[in-house]
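Read the structure below first, then the notes.
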Amino acid sequence: MQQLNPSEISEIIKGRIEKLDVTSQARNEGTVVSVSDGIVRIHGLADVMYGEMIEFPGGVYGMALNLEQDSVGAVVLGAYTTLAEGMSAKCTGRILEVPVGKELLGRVVDALGNPVDGKGPLGNTETDAVEKVAPGVIWRKSVDQPVQTGYKAVDAMIPVGRGQRELIIGDRQIGKTALAIDAIINQKDSGIFCVYVAIGQKQSTIANVVRKLEENGALANTIIVAASASESAALQFLAPYSGCTMGEFFRDRGEDALIVYDDLSKQAVAYRQISLLLRRPPGREAYPGDVFYLHSRLLERASRVSEEYVEKFTNGAVTGKTGSLTALPIIETQAGDVSAFVPTNVISITDGQIFLESAMFNSGIRPAVNAGVSVSRVGGAAQTKIIKKLSGGIRTALAQYRELAAFAQFASDLDEATRKQLEHGQRVTELMKQKQYAPMSIADMSLSLYAAERGFLTDIEITKIGSFEQALIAFFNRDHADLMAKINVKGDFNDEIDAGLKAGIEKFKATQTW
């Protein structure tokens, strides 16, 4: 038996050690101290960024939100049932990113951009940061192009422009979502891409929205981001930012996009839940101190950007085109209280609001837009010329009607002028009614407004206004298709169009029935 010399053994071991290739890897790791209600406290992590992704065993990720002296508070993105005390937590050095691009059009994704519609993976997509800084003052352009919602009451009295933030506010179940969905449906041929963000809604409601968009041919140019009521508060809080990043993809490349946040009240509630679980001090209505910043940093990202911005962003690939992201945030009020904390915050951030009223909705006026308190601060400059020209008297007529209607309840004998004003107001109110999922073209809308503005409705019974309008539009689209096409393309109002509309309505009233 051969004897091994100890010195030979040590030489062999030394040789092996020298040849061993070990690369040292510095890792920032900590230990999970507590897990409860989707909030994880981690001890031992150093150099963590606010909003940084933290990796836990089993492919679970969290987001650092509280950076304290000796621990980090993180919110778990998704299920946290597999996490336990004593587990390791690693910094990734990355912030949260979601997929962006045209591959998402027609798809339903969650707050992290994962498809949830059963149509397979998204394919090759770019990713972009969820939290981004809004474009600066120098890169912005004034709002001067319209977004047609297809609603007479909105496009005539509270016009929305590309790059505007227009709040839709009102109590529950009075048509806020219906208004936003119809605005999306109306964009199917306008070249505007749409993003619908559902926050804290029932899954059956989201499924119904998807079905309606598909039935009306608008799903193909819409991205739906769904963070339903069954999702964690963290995902409901993140969903609007994810949707905004997806919309910014189009804005930054010289396209136009429209985003609907349905609704930001539920996002504020989710953020309040996260903040209270992170032991942050509560303020008014138990919301944290930065709830204004929660919404302002989101809504400031909706803007119209200049040609220079688009050219710089695309490295010269796109020139001479402006981009826009128009936001329609929705806020739910309690018993019409617009002076609550979150509604007042969002009203002060946005460029106007469409106020929907329960009393009007219950009396059959739908959409229940209260023209008196609704306003569009920048949309007037973007309004289509013909609509602007014909809608001047509509808002005044409605405002005077509401004032006189209250007065007329107490007065028995009214003079002729007051009676005419009341009757005109009633007819205009009736004309502003519109069915759901039936957005109107510019020409159809112009025709209705022209009939009201020029007194062609004076001899029509109030109960017959709706059927008169439908028959009139059908008649014009059949017998005066060229005139309607010209209005739709140009949107101008001149003597020729004035004469054409007048002659057509006179002929219709003389020869047709309704």
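Each residue, glycine too, has its Cβ placed from N, Cα and C.
Now, the feature entries from Swiss-Prot:
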BINDING   G170, D171, R172, Q173, I174, G175, K176, T177  ATP binding site
SITE      S374  site 'Required for activity'
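Minimal Cβ crowding within 10 Å, among the binding-site residues G170, G175, is found at G175. Apart from G170, D171, R172, Q173, I174, G175, K176, T177, the residues listed for ATP, the same chain places the Cβ atoms of E332, L356, F361 within 8 Å of the centroid of those Cβ atoms. Looking at G170 (ATP binding site) and S374 (site 'Required for activity'), their Cα atoms lie 11 Å from each other. Each of the recorded positions Q173, T177, S374 was scored by the number of other CB atoms within 10 A of its CB, and the lowest score belongs to Q173. Across the structure, D171 (ATP binding site) and S374 (site 'Required for activity') are spaced 15 Å apart at their Cα atoms. Geometry remark: I174 (ATP binding site) versus S374 (site 'Required for activity'), CA distance 15 Å. Its Cβ taken as reference, R172 (ATP binding site) is surrounded by 11 other Cβ atoms within 10 Å in the chains shown. S374 (site 'Required for activity') sits 14 Å from K176 (ATP binding site), taking the C-alpha atoms as the reference points. A count of other CB atoms within 10 A of each Cβ picks out K176 as the most crowded of the binding-site residues D171, I174, K176.
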